[in-house]
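First comes the structure, then the notes that go with it.
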Amino acid sequence: MVTINENYLKLKAGYLFPEIARRVRVFTESNPDAPIIKLGIGDVTEPLPEACRTAMIKAVEDMGDRATFKGYGPEQGYAWLREKIASQDFQARGCEIDASEIFVSDGGKCDTGNILDIFGKGNTIAVTDPVYPVYVDTNVMAGHTGPVNDKGEYEGLFYLPITAENNFTAKIPDRPVDLIYLCFPNNPTGATASKADLKAWVDYARANGSVILFDAAYEAFITDPELPHSIYEIEGARECAIEFRSFSKNAGFTGTRCAYTVVPKSLKVTASDGAEVTLHQLWNRRQSTKFNGVSYLVQRGAEAVYSPEGQSQVQGLIKFYLENAQIIRQKLSDAGLTVYGGVHAPYIWVKTPQGLSSWDFFDKLLNLCYVVGTPGSGFGAAGEGYFRISAFNSRENVEEAMSRITDNFKV
Ligand code: MLT
């Protein structure tokens, strides 16, 4: 008899974003003419930078000529892309990261889930609450948790509440944990971490033999020069952290698909027989077995992000979305709502008005304003009473959505 991975049965209903899409579909079926504006999932709306498109068109031409045609590429990504990443994203910021430590992939979401392949069972896993749900759900799927309780917390996970009271920076645990997921600038709260915050985590991880899984998918939105873009800006992080990056939110690659993961060769763990093993060797083995690399065309598109034109076009996109974020912050605060984030991040974390629950506010916003956002409780129990609004949309839609919300929700 076939058996299944019963851990999947422990998962709460649907994954958050498909569940939102389902509710919007149901609403649209009975309100087909409602002019819905989506500020829910953090999906970009603006066209790909011209530099990336030009590079991809050229790459298509390469594929049409036997002399430049490419078959399977390296599973880890082409050296010309990895070298640019290492030099411009890391070495230029003083981080000692070598091209051979970069693994190009098709998404940060996939990598943050797949990374669990190289860790054993029995690790204590710490996640912030609220949190990007992928970290939690992939641990549930891998059998690292028990069942979920009424609050939506899984037995066996160590939750680190991030709230307005602690400035959305998690407190260092008072006990040893093995794997720690951190995401800064934070999804969903839009909060940032200072160098001192990250140093405290790196020091803790080194003292306890923990590994930090650092998701920096939103680093491009940082405009304060004092804030770290990478955990490797902190001394000692090469010995305790893996970092995930993405081209989705900076260069608009959500539909094009390209990201990368950094696994330093100095990040070592001890196997049960006492042997020292590098996580780099395990991840390399995993990727070369289960992954065939990102398409040549897409990697050429990603490479163009590092050209002078690409850099300035990406800056233009970031500026545009940050202006949207500023408009959202301003309009909602003027209407008397309490807002957080949205300064160095494309997400605005809003306290729901009138004491509404996150999902009640979601339903009201959809029914009264035809605006879709993301209920804070979908990111964890501590997100209840909050709501996430994404700045990824056209200016016109953001302005229209804000005027509809403020007309209905003046506090
Ligand atoms: C989000 O809305 O949280 C993100 O778009 C999800 C993702 O990047 O996978």
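Glycine too: its Cβ is placed from the backbone N, Cα and C atoms.
Other Cβ atoms within 10 Å of the Cβ of Arg388 (substrate binding site) number 26 in total over all chains. Residues annotated as substrate binding site in TrEMBL: Tyr15, Gly42, Lys109, Tyr132, Asn187, Asn292, Arg388.
Taken from TrEMBL, the feature pyridoxal 5'-phosphate binding site covers Tyr72, Tyr132, Asn187, Tyr218, Ser246, Phe247, Ser248, Arg257, Asn292. In the three-state DSSP scheme, Asn187 (substrate binding site) is classed as coil.
Annotation comment: TrEMBL describes 35-405 as domain 'Aminotransferase class I/classII large'.
What TrEMBL records for Lys249 is N6-(pyridoxal phosphate)lysine. Around the Cβ of Lys249 (N6-(pyridoxal phosphate)lysine), the same chain contributes Gly42, Val44, Ala217, Tyr218, Ala220, Phe221, Pro346, Phe392, each under 8 angstroms and 6 or more positions distant in sequence.
All protein chains included, Lys109 (substrate binding site) registers 19 other Cβ atoms within 10 Å of its own Cβ. Its Cβ taken as reference, Ser248 (pyridoxal 5'-phosphate binding site) is surrounded by 22 other Cβ atoms within 10 Å in the chains shown. Note on the binding-site residues Tyr15, Tyr72: the fewest other CB atoms within 10 A surround the CB of Tyr72.
Of all the binding-site residues listed here (Asn187, Ser246, Asn292), the one with the fewest other CB atoms within 10 A of its own CB is Asn292.
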